[in-house]
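Take a look at the structure below.
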Amino acid sequence: MTVERTFSIIKPNAVANNDIGAIYARFERAGFKIIASKMLRLTREQAEGFYAEHKGRPFFDGLVEFMTSGPIVVQVLEAENAVQRNRDIMGATNPDNALAGTLRADYADSFTANAVHGSDAVESAQREIAYFFNESEICSR
């Protein structure tokens with residue numbers, strides 16, 4: 001298998017609930033290397049740009065409002081088959097449908113406040129990583 005990079009966000013609810021360390025521990029136990037990380041607070045413009053593909057959908061405004069409501073932690077994860085493995089660890093987007101032991105089952109507060117975001121494909125991972133990080137901030141190890 002090929003080593004891939006994927007992009008992940010720990011969302012405002014999980015940051016506010018002090019779940020960052022627990023989520024990072026889960027990533028590392030699952031074999032991911034965290035090769036870039038930073039905490040920031042999205043502006044409305046940044047959130048709208050990041051989620052531009054959802055513009056016009058009924059949940060867009062609420063998502064942007066939520067994602068700008070507090071700090072987030074963005075990270076680049078590296079592992080074999082990273083995109084799919086991270087999606088498996090996150091669980092279903094709707095936490096009511098997430099399997100026990102997944103990040104969303106354990107840390108989500110609601111459908112919107114579902115604790116984490118992860119890239120859905122290698123191509124989107126590349127785009128999302130570039131949105132938040134330049135190459136000098138990414139440290140493969």
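Using the three backbone atoms N, Cα and C, a Cβ is placed for every residue, glycine included.
Source: prediction; values computed, not measured.
Binding of ATP is attributed by Swiss-Prot to LYS11, PHE59, ARG87, THR93, ARG104, and within the candidate set ASN18, ASN114 the record adds ASN114 to that site. Sorted by the number of other CB atoms within 10 A, the binding-site residues LYS11, ARG87, ARG104 start with ARG87, the lowest. Under the DSSP three-state reduction, ARG104 (ATP binding site) is assigned to helix. Other Cβ atoms within 10 Å of the Cβ of ASN114 (ATP binding site), summed over all protein chains shown, number 24.
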